[in-house]
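Here the structure comes first, spelled out in structure tokens, and everything after it is commentary.
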Amino acid sequence: MSHLTSRDSELTISFTNLPAVPLPTALPDGLKTPTRGPPLPPGCSYGRLTREQAVNLPADPSDDSGGEKDSTGRSVIWVDFEPNSTENPFFFSKMRKRAILTVAIFFTGMTALNASAYSIGEQSMSRDLGLNHAAASSGLALYAWGFAIAPLALAPLSEEFGRRWTCIISVFLFWQCHLFMCLGKNLATVAVGQLLRGAAGSVGSTLVGGCISDIYIPSERGTPMAAFGAVAIGATGLGPVLLSWVEANPKLEWRWIQWIQYIILAAYFPFMCLIMRETRATVILRRKAAKYRKTQTGFTARFTARSEIEKVKFSIALRESLLRPITFLVVEPVVTFFSLWVGLCWGVFYIQISGLPYLYQNIFGFSITGVGLMYLSMVIGAILGFLLNYVNEHLYHRHKDKHGVEARLYIPMAAGVFFAFGCLIFAFTSVPGVHWMGSAVGAAIIIMGMLTIYICNFTYLSECYGSYASSAIAAQSFTRNIFGGAFTFLTQPLFDNLTVRWGTFVFACISGGLAVVPFIAYRWGPQIRARSKYSKQLMAEEARRIEIEKNGGDDAGDGALEQGVGCEGTPLSERVRSREAAHPPWDDGQVMRTLEMERDELEHRQQAGH
């Protein structure tokens with residue numbers, strides 16, 4: 001451990017194994033300092049690369065000087081956000097955050113509505129295209145499987161092109177893929193359209209959750225994530241309520257269900273283009289560095305964003321993005337069991353989407369408009385789940401200092417029990433002679449519990465896995481949508497052979513067993529994460545990033561070479577001391593590599609002072 005003090009004219013350094021020596025603020029002859037040139041743009045600071053970083057730095061045709069080089073690497077100008085800069089997504093204005101959240105969540109709602117809208121129009125589509133139930137159900141299953149597969153490739157796409165353009169292009173494709181349904185004449189056209197529409201619409205789930213993580217720090221994500229989850233579930237129930245009247249009109253039916261959605265998306269698309277902003281900080285800084293390299297002159301060092309050094313080729317990133325979620329499912333117990341838990345919930349959810357017409361038409365004798373109104377139970381359940389989130393947020397903020405991220409699991413522990421209980425109510429009231437209100441109450445409780453579990457998966461995994469959150473979320477998204485699509489095929493055979501009562505009872509028993517997952521995570525979560533090389537390192541990096549942004553950019557002067565002072569006037573000794581206090585020895589990521597580099601620099605100066 002070192003002791004460092006700063007004085008007006010000299011820097012005194014004391015190590016446990018070395019005597020205190022004065023170090024002049026000016027470097028002795030023979031030691032080079034970078035040529036400063038004009039004042040640095042706001043948020044920038046001089047630094048240097050290690051040999052490894054210099055090798056990884058991509059070539060820049062505009063950088064003909066090559067920058068200052070020394071025995072350890074290459075001088076650069078780090079491009080960062082200014083303290084509290086509104087360029088930083090964390091510091092967007094409240095109005096901008098709400099606007100981005102609104103347009104993003106609207107897309108989520110449209111993708112959710114589409115699933116149940118397909119189901120409510122299935123009867124007229126089957127008649128017009130000559131399809132049996134299994135063939136017609138394949139469209140809903142393919143939509144869910146498109147949702148499962150596409151997120152595996154979204155992380156490298158958003159890193160390469162940014163979240164804004166990925167969202168805009170996905171919305172456009174989702175909008176145009178409705179034409180397959182609007183104009184399709186056979187099952188093949190419908191199937192291809194549903195698969196592509198699911199792939200494009202998956203952005204409304206995976207990437208929107210990522211946008212929320214980009215602009216809100218973990219302690220503020222609860223309510224936006226609850227709104228996101230409530231819309232994702234509630235819109236599924238709202239679609240049939242509105243569109244069942246279209247299905248009931250012989251002049252409109254299933255094609256106009258699709259045309260109405262197409263028209264809504266046509267009106268929405270310009271708002272997405274105008275309001276959506278880039279929210280991925282690494283992409284913003286990379287573009288900012290490229291801009292400075294073209295517009296800023298008189299500097300010998302190269303303007304560089306740290307994300308440029310860390311960035312890998314798109315093909316490599318795509319391969320890692322496809323493999324890492326599967327790896328997480330296999331080797332990360334937190335991801336494995338939370339994915340299985342939400343996967344079962346999503347399977348029951350899709351059984352409700354496709355099975356409510358079966359129940360209320362065949363057992364209770366409802367018309368198609370009456371069936372549509374029964375989907376209101378989903379909306380009510382989503383509202384209750386959203387309100388429960390406020391209780392969970394209160395408990396989280398009250399106990400987070402003591403229990404950390406596990407403080408998010410209080411209400412989900414109860415939600416797992418509610419979900420199993422709702423399945424039991426739904427099972428034993430879905431029989432002739434029992435009032436239909438019983439099954440509606442059971443459905444609402446199921447959705448209330450499922451929404452809480454769904455939100456918990458996003459917030460808990462995103463906080464546990466930091467910058468790898470997209471891979472952890474993609475893993476659970478893959479699992480739940482594979483389950484959802486598969487359960488769509490199971491619905492009618494299950495109800496025909498076991499009846500609605502005993503078919504749902506089976507899932508009540510399974511969900512009761514999986515309800516122990518949040519209890520185990522709450523009790524042993526820290527120990528489980530301590531064995532994970534991903535979770536341990538990334539939670540520390542996320543905490544560091546937030547601390548830096550809140551405290552005005554503590555690492556603005558990383559690797560500064562001149563006089564031990566960064567661009568913000570922070571003495572190098574103070575930076576080393578503050579880092580030692582903020583980052584424990586087990587943080588073996590980039591933080592410790594930076595510490596070692598700065599300590600080497602201090603020792604080099606100490607030797608020069610002799």
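Backbone N, Cα and C atoms are what each Cβ position is placed from, and that goes for glycine too.
Copied over from TrEMBL:
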COMPBIAS  574-586  compositional bias 'Basic and acidic residues'
DOMAIN    100-529  domain 'Major facilitator superfamily (MFS) profile'
REGION    26-47  region 'Disordered'
REGION    549-592  region 'Disordered'
TRANSMEM  99-120  transmembrane segment
TRANSMEM  140-158  transmembrane segment
TRANSMEM  165-187  transmembrane segment
TRANSMEM  199-217  transmembrane segment
TRANSMEM  224-244  transmembrane segment
TRANSMEM  256-276  transmembrane segment
TRANSMEM  326-351  transmembrane segment
TRANSMEM  363-388  transmembrane segment
TRANSMEM  409-428  transmembrane segment
TRANSMEM  434-456  transmembrane segment
TRANSMEM  468-490  transmembrane segment
TRANSMEM  502-522  transmembrane segment
Mean of the pLDDT scores, which run from 0 to 100, over the domain 'Major facilitator superfamily (MFS) profile' (100-529): 89
Contact between the transmembrane segment (140-158) and the transmembrane segment (409-428) (3 or more Cβ pairs under 8 Å, separation 6+): no
Result, the transmembrane segment (363-388) in contact with the transmembrane segment (468-490) (3+ CB pairs under 8 Å): no
Outside the transmembrane segment (326-351), six or more residues from its ends: residues with CB under 8 Å to it: 115, 140, 144, 233, 236, 416, 419, 423, 446-447, 449-450, 453-454, 456-457, 460-461, 464-465, 468, 471-472, 475-476, 478-488, 490-491, 494, 504, 507, 510-511, 514, 517, 520-521, 525, 528-529, 532, 534-535
Top Cβ-contact partner of the transmembrane segment (165-187) among 256-276, 363-388, 409-428, 502-522 (pairs under 8 Å): 256-276
